[in-house]
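**Student:** This is the structure I want to talk about, given as structure tokens.
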């Protein structure tokens, strides 16, 4: 029977592979020959009628005769792409600034930004024209938003102060009659620009300095007009002795050159031929050969300093000539000459009607600058403004766009209301729209120049749909606003996310992503393409879309290549479908300036691919596609991206990338999983192995689609087999070593590829380990022969490691020939669990290991113990053999590994005793563990025990002996005392202990002590003072309040002195009860951390004894007492005499004296 091992590939995050999983070797590039579209953006679109996908390319049109949209498809040759213009696109008259191209299952929307002049007016505007196409690219609706207010609900009020509109208004026919809206056909009838001819008086009556001021005035006027009037052209005619054209309308189109010519004009002087100069303009300026257009509005500005002089023509004749019809004339008179009625009447004759609006008079040339704003207001007056505030004139409707349901579109109006911006919710069915901008809560000063509507996106939430709009210049940092379409009194965008860096253009690109493809938006990507560190590298913020009104939460950020600056990463973004076939949406992000400046003609720009997974988007890209790897001559590659549809019909999602001059389509490569199996014959390695082991290695393709089958036929599989990879000395090896290393096999078709090879034993087969499995690792990769191929080559999954592990077991002397079941019992005990550093010398652990089951192979014991335990000795049995290595540091512990009964531990017991010395140094932790771990090569036979140790540190601290102090209260009622406490000892391990000094300050109800000062000798000693009702360990009689001093000490010695003032003058009654005052000293510490070795010396006392003397009695008392005493003495003597006391005694004494004399005489006689 064969033993078959199957393995699944391990999930892992690897470094990006260059070709996962878009095929850069085969790309469709739009042709660069004349007439091909110069790309602004590109889009993949599918026609639902035939399910065919085409490439739509938007180009910058120079005029109305060139198409703005092209449809491209694969031509007859499979590697070429052919493009045809798409009809029906609205192309108004004007200068085209850009094209917005979006699409979905409802159709395709093309919006062109147009720079033109308003109908029958000098006012210029920057607006949009949009065409909505059906899914098969037929025209569905179109609108030219030249007069945006005409498209709005007439009941919708827009407040130009706070830039928000209120909801309400009329419906039905009332709406249709609101304002007249112009069609593109009507646009053809409008005039072609504005032509302004300046007629400058250069006669001799003008001083050169004044003439220079006139030239400066003309230069300033032209600059201001160029900024306000998009299609204004100028001509300048000077008159005097001669009449000459300084520059005409055609030459003024070069703005810088024409401004330079103004300053280089030389004054011609002499006569004042004003009428002839005006006729010269009619004959030589407002003609086609000089750049004049037939339908252009024509303006003549005459600047003069007085009467006409020396002119052969009559002014009235010139004014009434047919050529003057339709020319708007402004007359500016400079100087005092116009105080004369005739001269002023002549000036008014030059001007058009009404004379008051077209005639200007100043006293001198220095005052001309004051006319600029008034003249500009008359010539290029911006209708619909409040002051200088613009409303819809520069709205650029359609700058961004989204197609909604029910014939509605959402259009960005980035330039509305002084570029505060907004959006137009427009219905193509009834031609009406609602203007949406920021909430009234926003400060009107901060919303100006926000560019709201620069980008738009639609978020699909569980409770409905909401719209988000980017405002990249909001408060200079950028912001994202959201509009929730619900039944509310007001529809307005509310700020939801703010940018973090000034100038980063945060919010300029928005990309909603439905990761799991369930129809609900999961993430919103917000780009800041100008985010700068060293240059404008760019950054993309990934926000999780909240439910209902919750806040957007930042998941993470994405960035391009860290070593490249000015890449503008995030300039374009798109969700491109499931290009790696894992059922999660992927995202493409463009960095169009990456690699810019590498060399003349070199391609630059990149696109990064970020794959989705169940939790969102991966932080790192799976592929970076550089322009140089796709085709030569690609510039700004990555300025637009789109995808998610199958372009070439292979069933896989493809993407399109726009560059400056062409669009590129890249096809996806099929992603395949390989299931690797390995079969051994025999299925286990015998104990005594002689011969060969037959091995069959098979790779099976596990792919959900058939797209990989054609490409597999041209693939090669390169695999390597490594035998016994976990051992330094191999026990088996391939018989043919070349057959196991970098084997290249062609995949000839089908889903299987199998290979046979032989394993043979080495000389070291059973020298040490004949029991543990032999591990065999197989690594593999696909290779191609290179070149372009009709079918995309498959690729392995980027997120799965291309390797497999197999185990070849040895036969075992057990019931199961492959696995032995050992039963390991482990018991331990330790000599003591509480260790005192500085006191404890040794600690011993006894270890008992018993195997009561089958054989245990390669049994190992690992001892993990703290570093302050130094290994001393080990006591081990003779049999089975125990061999231990020297301890080695691993992280914060020491590890000692021991081999127990190698190679086989039979049914037996092992008793081991390990002794450590406790290091006399500070141990930082309160506790530590000694862990014993038993392991072997068997399956499921792990044993472990842990013993916890508790550590304390020893110290010696001795307080000075008790002492006595005296206070003579009879001499002085108060005294100054200093109480000295000396601490000395040995503190090797930095133990922290507290010295508490207790000074009684209130006895009974009398305040007798006041502490004046506290001193110490060590800087690191910290002392605190407080008044407490109790102090010390034992109570003291009569004391009601204490002054407590607590000092935290870590040194070997310390002297603490407390100075106090003792006052007992007013407490005579207290002194009768109290004869002494105790001052206490006591050492305390945390007994769970430290061990004090001499507790008997941790207390002391200083006793203050009060000395008292008897008081001297007064003189009357002494005299009275003396007299009384004498009288008592006299009475006593009289009583004794009366009783014969003195008489009897005298007689007895005489008798005794006579007797002694008689005896003495007798004694002498005898001698």
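Using the three backbone atoms N, Cα and C, a Cβ is placed for every residue, glycine included.
What Swiss-Prot records for 27-81 is repeat 'FG-GAP 1'. Under the heading region 'X-domain (extra domain)', Swiss-Prot lists 149-192. Annotated N-linked glycosylation site per Swiss-Prot: 256, 314, 364, 418, 437, 718, 829, 925, 968, 1013, 1055, 1086 (among others), in sequence order. Summarising the annotation, Swiss-Prot assigns repeat 'FG-GAP 4' to 438-491.
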**Student:** Hey, does DSSP put residue 256 (N-linked glycosylation site) in a helix, a strand, or just coil?
**Tutor:** helix
**Student:** Looking only at Cβ atoms, how many others are within 10 Å of the one on residue 1013 (N-linked glycosylation site)?
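**Tutor:** For residue 1013 (N-linked glycosylation site), the count of other Cβ atoms within 10 Å is 9.
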**Student:** Using DSSP, would you call residue 314 (N-linked glycosylation site) helix, strand or coil?
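**Tutor:** Assignment for residue 314 (N-linked glycosylation site) reads coil.
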**Student:** With every protein chain in view, what's the tally of Cβ atoms within 10 Å of the Cβ of residue 256 (N-linked glycosylation site), excluding that atom itself?
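**Tutor:** Neighbour count, Cβ to Cβ under the 10 Å cut-off: 7.
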**Student:** Rounded to an integer, what is the Cα-Cα distance in Å between residue 829 (N-linked glycosylation site) and residue 925 (N-linked glycosylation site)?
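**Tutor:** About 22 Å separates the two Cα atoms.
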**Student:** Between the Cα atoms of residue 1013 (N-linked glycosylation site) and residue 418 (N-linked glycosylation site), what distance do you get, rounded to the nearest Å?
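**Tutor:** Per the Cα atoms, residue 1013 (N-linked glycosylation site) and residue 418 (N-linked glycosylation site) stand 74 Å apart.
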**Student:** Which secondary structure state does DSSP assign to residue 1013 (N-linked glycosylation site), in the simple three-class scheme?
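**Tutor:** Note: residue 1013 (N-linked glycosylation site) is in a strand by DSSP.
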**Student:** I'm trying to understand the geometry here, so how far is the Cα atom of residue 1055 (N-linked glycosylation site) from the Cα atom of residue 1086 (N-linked glycosylation site), in Å to the nearest whole number?
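**Tutor:** Distance (Cα to Cα, whole Å): 22 Å.
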**Student:** Cα-Cα, whole number of Å: residue 314 (N-linked glycosylation site) versus residue 364 (N-linked glycosylation site)?
**Tutor:** 27
**Student:** If you count other C-beta atoms within 10 angstroms, which of the glycosylation sites 968, 1055 is the most crowded?
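**Tutor:** Neighbour-count leader: 1055.
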**Student:** Helix, strand or coil at residue 418 (N-linked glycosylation site), per DSSP?
**Tutor:** helix
**Student:** Across all protein chains in the structure, which of the glycosylation sites 364, 418, 925 has the highest Cβ count within 10 Å?
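**Tutor:** For the glycosylation sites 364, 418, 925, the Cβ with the most other Cβ atoms within 10 Å is 418.
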**Student:** On the 0 to 100 pLDDT scale, where does the region 'X-domain (extra domain)' (149-192) sit on average?
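**Tutor:** It averages 45.
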**Student:** Using the alpha carbons only, what distance in Å do you get between residue 925 (N-linked glycosylation site) and residue 364 (N-linked glycosylation site) once rounded?
**Tutor:** 92
**Student:** How many whole Å apart are the CA atoms of residue 364 (N-linked glycosylation site) and residue 256 (N-linked glycosylation site)?
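**Tutor:** So the alpha carbons of residue 364 (N-linked glycosylation site) and residue 256 (N-linked glycosylation site) sit roughly 28 Å from each other.
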**Student:** May I ask for the distance between residue 418 (N-linked glycosylation site) and residue 256 (N-linked glycosylation site), taken between their Cα atoms and rounded to an integer number of Å?
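**Tutor:** Pair distance, Cα basis, whole Å: 27 Å.
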**Student:** Where the distance is taken from Cα to Cα, which of the glycosylation sites 256, 437, 718, 1086 turns out closest to residue 968 (N-linked glycosylation site)?
**Tutor:** 1086
**Student:** Can you check what DSSP calls residue 968 (N-linked glycosylation site), collapsed to helix, strand or coil?
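**Tutor:** It is in a strand.
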**Student:** Suppose we draw a 10 Å sphere around the Cβ of residue 437 (N-linked glycosylation site). How many other Cβ atoms does it contain, all chains included?
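**Tutor:** Cβ-Cβ neighbours of residue 437 (N-linked glycosylation site) within 10 Å number 30.
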**Student:** Sequence gap of 6 or more, Cβ distance under 8 Å: name the residues on the same chain that satisfy this around residue 1086 (N-linked glycosylation site), in order along the sequence.
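**Tutor:** In sequence order, 992 meet the Cβ cut-off.
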